[in-house]
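Colleague: Quick one: this structure, given as structure tokens, is what I'll be asking you about.
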Amino acid sequence: MELDHTPPPSVLNDNCSASYMTPYATVIAMSGLYLLAIFYFCKKSKKMCQPMSDSIYPYQKRLTQLERELKNYLIDEESIEVDDFQIGQTADGFIFRGGVFPKTRNRFNAKVTTAVKISFPIVSKSISLLEDALRLSKLDHPNLIRLLAVSQLSFTVFRPMIALEWLPGGTLADYFQFKVREKDDSERSPIQLKDMLSILYQVSQALKYIHSQLDEFGQELTHGRIFTRNVLVTEPDLRKCEVKLGDFGDAPMGLEYSTPIIAYMPPEILCCAERIPPHRPENDVWMFGVFIWECLTLGAQPHFRKSVEEIKKSFRLPDRGLSCPPTCPLDVWTLVSDCLSEPHMRPRFASTTNASITSRLSELHHIVSPALFLYAIPNQSVCTCIEHHCQSVIHY
């Protein structure tokens with residue numbers, strides 16, 4: 001006789017009741033899983049925005065050092081505002097107009113206008129921008145812009161964003177363009193040579209300070225960005241304005257730049273066989289000589305519409321392709337010529353003798369007559385190509 005092992009109906013009903021999940025329990029369980037998924041995504045989302053780990057790995061140690069050394073400048077990304085207005089572009093990234101909000105109760109009423117630099121989404125460019133920020137944080141001079149803040153996301157999302165000091169007068173290049181070259185003769189404010197020498201003296205003081213500093217390898221620091229668009233003015237009145245040298249960075253990297261920047265490069269860099277030649281203090285002196293010429297002409301473009309080969313040919317000329325402005329005194333032009341001489345013959349900024357650039361500018365500022373004025377020199381080109389629409393040889 002076979003035994004019936006089928007459980008009674010009451011036992012079956014009890015087992016089904018034990019394994020059955022009520023609608024409330026289902027909602028609670030699904031909500032818990034949903035919250036866990038959100039928590040995991042929020043925790044990992046910043047890492048998902050980073051470049052591939054194999055591209056970051058070679059820089060990981062240096063990145064940790066940079067974060068430690070820049071800790072006094074780190075602020076929340078919400079405290080840095082970026083406007084739509086783009087000021088310019090460098091080898092490392094873009095520069096926008098922006099601001100920094102202090103950590104106070106009335107923070108939105110105490111906004112500090114700044115220039116915000118954002119790196120390109122390339123690992124090497126990001127590291128280079130952070131290196132520039134570290135270098136600038138160690139410098140303190142009244143004629144150098146200051147580093148104000150570094151976003152904390154610079155070391156998490158790994159696209160650095162730094163805030164730099166910005167002056168209300170804008171750049172010296174903008175002053176020349178909008179206050180001088182685009183104005184009629186009757187609307188232009190007269191510019192004394194004496195006032196321009198004061199501006200040149202302030203820039204030379206900043207370069208003298210930079211060249212007196214040493215890097216981690218014991219070498220003199222250099223600037224490598226001595227252009228009018230990198231000089232900020234406190235107000236649009238050159239008679240009483242102060243200037244600061246900005247955009248401190250590494251040396252110009254070979255021929256990766258456009259022709260307007262190549263026009264400032266010395267022969268030993270432009271004609272060098274190396275792709276990234278070393279930048280030395282005497283290279284800054286050459287660039288400062290071109291900068292003086294640019295100021296004496298009130299914003300004329302050096303080597304206007306010349307190709308790289310044409311610029312190299314200009315180096316063989318006595319004036320290096322930069323003709324002396326008509327109203328420039330001989331003593332001032334002698335300084336320009338000395339800066340554009342052979343590397344071993346160029347004067348220095350950090351020299352303690354009276355032959356230094358700073359000392360000579362100070363002396364010139366005292367002896368130059370206030371009756372000497374500067375006039376805008378038009379850009380002159382021998383180009384007649386259709387590409388540039390060159391129907392005239394004079395361009396303001």
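For all residues, glycine too, the Cβ spot is worked out from N, Cα and C.
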Colleague: So which of Asn15, Asn379 shows up as N-linked glycosylation site in Swiss-Prot?
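Modeller: When Swiss-Prot is consulted, N-linked glycosylation site appears for Asn15.
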Colleague: Would you work out the biggest C-alpha to C-alpha distance among Ile87, Gly88, Gln89, Thr90, Ala91, Asp92, Gly93, Phe94, Ile95, Lys111, the residues that bind ATP according to the record, and give it in angstrom as a whole number?
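Modeller: Across Ile87, Gly88, Gln89, Thr90, Ala91, Asp92, Gly93, Phe94, Ile95, Lys111, the two farthest Cα atoms sit 28 Å apart.
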Colleague: Just to confirm my parser: what is the rounded mean pLDDT across the topological domain 'Extracellular' (1-20)?
Modeller: 53
